[in-house]
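Trainee: Below: one structure in structure tokens.
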């Protein structure tokens with residue numbers, strides 16, 4: 001373990017919130033240090049197509065957008081550190097953070113650690129993770145070329161995953177516990193076009209009862225009808241779970257005020273909107289937002305957190 005590194009402002013996370021905070025903080029001469037976390041670029045790097053980022057009307061990829069954000073942050077001399085923070089001590093200043101590679105202290109902290117894919121929680125699902133069960137179609141979809149797969153979920157992510165896989169797999173079985181989908185209309189329209197083409201098969205009013213498999217991996221699913229309770233089996237080679245995300249806040253439990261895992265912020269009308277229950281600690285992006293969860297809103301709160309941190313540090317030095 002190397003010596004402790006001190007930063008005036010430390011930013012945790014390298015998604016839209018973290019990189020935007022870094023850009024604004026660097027331009028304010030705060031000399032931010034950004035710790036990337038395990039997944040550099042965050043969730044967005046697993047998104048194949050983005051068509052609602054202002055200015056990129058021709059459509060862009062998540063990984064491409066995050067690479068440009070990284071370059072933007074580096075242009076203003078943000079120091080990027082490839083490490084993962086596994087423990088923090090926010091009880092006194094400077095704040096202490098303990099990484100896999102290095103330890104840090106800082107005068108102000110912006111938490112932009114994002115969220116991770118949520119799984120259903122079945123033992124059989126856990127047993128086949130990495131052997132047919134995944135939460136990322138763009139990461140693992142190519143393994144299932146011309147093979148049948150399933151997708152579980154009813155929101156934008158599930159429909160996007162199904163549409164992406166429809167261009168790879170032989171058949172995509174989209175499974176949803178309700179009788180209608182919550183996705184945006186443009187995605188629903190594309191979904192039903194693929195249904196008409198026979199590329200996607202809908203299984204509504206169904207829940208996952210069991211992941212079936214053998215020593216080689218997933219071989220199928222057992223579904224339960226939510227109205228009748230009847231069970232049915234599907235033969236397929238892969239399952240993609242798209243039922244939402246959980247905020248990455250485990251290391252902050254007992255140190256910050258949380259609400260269902262999300263960091264509570266002040267959201268004040270007089271500024272300081274991203275301030276947490278600990279003075280000098282700010283939160284941005286999916287780690288504090290359970291309603292909107294968009295790349296653009298994450299970036300916006302990253303900007304707000306940088307401005308809040310700048311005001312806080314200025315007041316400390318006054």
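Please read every residue number as a count from 1 along the shown chain.
Every residue, even glycine, has its Cβ placed from backbone N, Cα and C.
Feature list, courtesy of Swiss-Prot:
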- 36-43, 286-295: FAD binding site (BINDING)
- 136-139: disulfide bond (DISULFID)
Trainee: I need the least crowded one of these binding-site residues (36, 39), counting other C-beta atoms within 10 angstroms of each C-beta.
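Mentor: Counting other Cβ atoms within 10 Å of each of the binding-site residues 36, 39 gives the minimum at 39.
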Trainee: Where residue 290 (FAD binding site) and residue 136 (disulfide bond) are concerned, what is their Cα separation in Å, rounded?
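Mentor: Answer for this pair: 20 Å between alpha carbons.
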Trainee: Are there any residues in the same chain, six or more apart in sequence, whose C-beta is under 8 angstroms from the C-beta of residue 293 (FAD binding site), and if so which?
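Mentor: Counting only residues 6 or more apart in sequence, the Cβ neighbours of residue 293 (FAD binding site) under 8 Å are 115, 245, 286.
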Trainee: Does DSSP give residue 39 (FAD binding site) helix, strand or coil?
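Mentor: Coil, per DSSP.
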Trainee: Would you mind reading off the Cα separation of residue 36 (FAD binding site) from residue 139 (disulfide bond), to the nearest angstrom?
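Mentor: So the alpha carbons of residue 36 (FAD binding site) and residue 139 (disulfide bond) sit roughly 19 Å from each other.
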Trainee: Among the recorded positions listed here (136, 139, 287), identify the one with the smallest other-Cβ count within 10 Å.
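Mentor: Lowest Cβ count within 10 Å among the recorded positions (136, 139, 287) is 139.
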Trainee: Find, among the binding-site residues listed as 42, 290, the one whose Cβ has the highest number of other Cβ atoms within 10 Å in the structure shown.
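Mentor: For the binding-site residues 42, 290, the Cβ with the most other Cβ atoms within 10 Å is 42.
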